[in-house]
Structure formats: C-alpha cells, structure tokens
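If you look up TrEMBL, you'll see 6-112 marked as domain 'Probable histone-arginine methyltransferase CARM1-like N-terminal PH'. The domain 'Protein arginine N-methyltransferase' annotation in TrEMBL covers 291-438. Taken from TrEMBL, the feature compositional bias 'Low complexity' applies to 492-512. Taken from TrEMBL, the feature region 'Disordered' covers 492-530. TrEMBL lists 520-530 with the feature compositional bias 'Basic and acidic residues'.
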Amino acid sequence: MASADMFPNVSFSDVNAAASQEAAGKAVFGLDPASGAPRLSLVRPGAEQAFQIDLSDAQIFKLGLMEWLCVSGETEAKAGVEEKLFSRAIKVVLRTEAESKAFSLAFQRWKQQTISGKAGESLENGSIVACKSKFDTKIEASSAQMYFHYYGQLLHQQNMLQDFVRTGTYYAAVMENRADFEGKVVVDVGAGSGILSLFAAQAGAKHVYAVEASEMVEHAQRLISGNPSFGQRITIIKGKVEEVELPEKADILISEPMGTLLVNERMLESYVIARDRFLAPDGKMFPTTGRIHMAPFSDEYLYVEMANKSLFWQQHNFFGVDLTPLHGSAFDGYFSQPVVDAFDPRLLISQSTHHTLDFTSMKEEDLYEIDIPLSFVSSVGTRVHGLACWFDVLFNGRWLTTAPGSPTTHWYQLRCVLAQPLYVMAGQEITGRLHLVAHSAQSYTIYLTMSAKMWGVGAEPDGILQTSTAKLELKEPYYRLSQPQAYMPQDQQQLPLSSLQAQGSGQQMQDGLSPGITVEQERDSAAFTR
C-alpha cells in the first residue's frame, strides 16, 4: 500500500446509525484480498476493521472543505438471492484542506480501477469486461460522442487549417527546431487531419505515431498516403491516448490541445496523460507552456447588447400572456454566457496579468480546478463591465498568441460580462478571483468575482467595497463574431443606455490590424505572417 493512499489521521462516523459517534482512525485505499476489487477501509486503533467500502458502486460527496460523505450500496441475502436493500453513508473528516483534496483524488483514482460488474467475474462467453479508461470515467458518453463527431468532419478540420496564425506558427516552430526532430520518434496527440505529423516528418523525424480517436483517421490516412515521401514514416493509430499502446517511447510529443480560454474541451488533460505514458524522460513537448491572460474591460455597447436580449420577456401582453415573470431568469441566462469575439484592446482599462500552466511538469489533476487571484489598477475612471481573457502557448522559442490586437485566430478572445458593473476611478485597485471548475461535459464552469472600493459622497473613510459576481458556462458561449466590434473612447463610456442605443454600432472594426498589446506578442505574431 502506497503511503499516498493511506491517511493516518481521520475521523469517521456511520450516518445510518441511530447513535453514531465520530471515531478517530485511518483511511486506507487498497484491493480486497479475496475479490481483488478496489476498496476503502476505515480502521479504528486496536480494531481489525471498522468499515469496508466497496468502490465499485461507491460515490463521494463534498460536505465542506475537509468533510466528505462516502455512499455505497449495502446488500442482504434473502432466500439465496442477493438483493440491494439500502445505501450506507459514512462521513469522513480530514485534518487539512490539502489532505482533503488528496483524499478525494485517491478515491477517484482507486475507483477508476473498478471494472463493470464484479471484479474478475467471467461472463457467459468467457470474456472479462474491460476497465473503463480514465477518459470514460470523467467524461459523459454523449459529450464524447459529439466531440469526436465534430472533429471527424473535414469542414471543421479545414476551419483550423485555414487559421494561418495557428498553422503557420506550428510549422515555423517545427522547422526552426529541426535538430530536435531529426532522427527522433514523435507522437502526435489528437492528430486530426495529420498535418502536424506531416510537419514532423518534413523536419526529419524517424517515425511519427499519429493518435486520433475520431473518424478523421480515415481522411488522415488518405492524406498521409498521398504524401508518400513523408507518409511512409507515419503510423496512424485510432484510439484515445488514455487507452492505446505504443511500441516505443517518444522523443517528441506534439499536439494542438488548446480550446477556448486554453482549457475548454479538456484536451490538455489528455496531453499531460500522453506525456506520462509515452514521452521518454528527457523528451520534449511542443508546446511546453500555456498562459491565460486577464484584464478588466469597459464596453457599454456590449453591456447594452447583452441586457437588451432579455427585453422580449418584459412584455405584459404577449398574445394575452404576461411574460415578465421570466424576465429575471432570462437576464441571468444571457449573462451566464461568456462572449467570444475579437475586441479592440483599447477597451482594456488595466495592464493584464496571467496564470501559467507548465505542460512539462503539471499533473492532470491540476486541471480539474484552476484558481486565479486577480489584482489590477484601473488606468481610467469608468464602469468595469467584466473580465477579458485570452491565451498564448510557448514552443521552443516561439509564442502563439490569441491576444486582442494581434492577428485574429479561430479562438478569438473571451469576455466574462458582469450583470452588475463596477464603478472605478483612475488609480483604483480592482481585486477578485477567477475560478474554473471542470465538469464531465468536457468544459468548465467559470466563477468570477470582481471587487472595488466605492469612493465619493456617502462612502466611508476607507471606501465601501463594491462586489459583483458571475457564474458562466464555458461550453455554451455567445459567439459574437458577426457583430460590429466598435470602440468607444473612455470619455463617452458614461452615456445613458438610451443614447448608446441611438448611436448604434455601425463602425466595423478590422480584425487583426491593431498593434499588439505588447512588443513581445507583436514581434512573435508578425514573425510567421505569410
């Protein structure tokens, strides 16, 4: 039993018992000696066993920062028939938040070793039901089916290939680092059309294993066969990186695992798993690092547009029906959608900050929850309408950026709009938190909090804290790509909503023609323009 899966100081109690008392002891994850099934043992000092929890049908629920409820099925024999009668619930309390998180991860890790049916049970045809892969245990089957169907279509692959910022940067990153690829074994994670595998072969790779789970493998095979000078060194493998086996370790791992806000679609987790499974100890990754950038923004046009969407529900006589009871829910629903578009960087009211993800060293579990503290200083007096986000990734010496003002990519940028804006003065601090929580639909729920101190008449000497919060679903954004992207100077930001609506938004911004927001990003973006 590995020490990481034993927690020597816990307390636990049987919720089902009428007079249950918490007992101190230890929690041990392991395999049942008789059945070989994963189990959780809760042991009191001086007692052989207190509770045995079969992880094959157990679930875990978070009650607090350090409290968990473990629920499993209980059975009782009746007339020779095993019949489930009730569930047993055991409350487990850890000492620290760190131990609490480790306990949850250990529970999920051991549970994933459970096979469908009873451990080792033979079926009628003599076969054994295979274990679910890590991908299948954490992702809904319906979401995975839609995901692989989407990327199995050529029109979507074409959309990505025609993103010349994306494709050109990958090509330049590979060709500029030929020394890393020549004579080496490469694994292309989520190969899609096979374009990155072909780039690696062009750079002199000895052999490339292109791993792809969707039906795109058929198109990729034809594309690779049609380029025999490179294709003879490429092997296409259909399957998920969590499941397939390769005949040798890789010297290079290459992938395009980025989604909206970098983490959408949760493919970064598969990239990290592929690193642990396939990459040699001294191997290299392309890309190696990702950064999520954030800055507060002010955009009255966008705010009015979002708010006006719910005006439909303010009708008191819609074919004789009063729709107003649903207006509040509709208003909240529109503001729960992150906005995906390309915006003018002059809408940002502060220097940006960033959160770094090191793909070469991070754990897969680090992507389950991403907690980012926010701290900015406003450069102007205005209304803060939310948080703007974008990302970049680093190859060996080359950045691929999706920053506002840089050449536009198919990722665009993302903005989280607050239903209740904040008022700030120039030089005022804006604080908060961006909390991303992964879910089984291959995306994240976004929890945003932004705060500022209120100044002026009626404020206390130290200021009154204004706080605005938002809960947004990254999987269901508002794609505003066809909308005008007008910029309004800061001295016009405080016009009444009616004036803003009267002005309209006729000025169409030319995507990708504004200068980069930093010298570094502008230089790196321009380097691959073709």
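Using the three backbone atoms N, Cα and C, a Cβ is placed for every residue, glycine included.
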Model confidence over the domain 'Probable histone-arginine methyltransferase CARM1-like N-terminal PH' (6-112) (mean pLDDT, whole number): 78
Residues in the domain 'Probable histone-arginine methyltransferase CARM1-like N-terminal PH' (6-112) grouped by DSSP into helix, strand and remaining coil: 15 helix, 57 strand, 35 coil
Summary of DSSP states over the domain 'Protein arginine N-methyltransferase' (291-438), given as helix, strand and coil counts: 33 helix, 66 strand, 49 coil
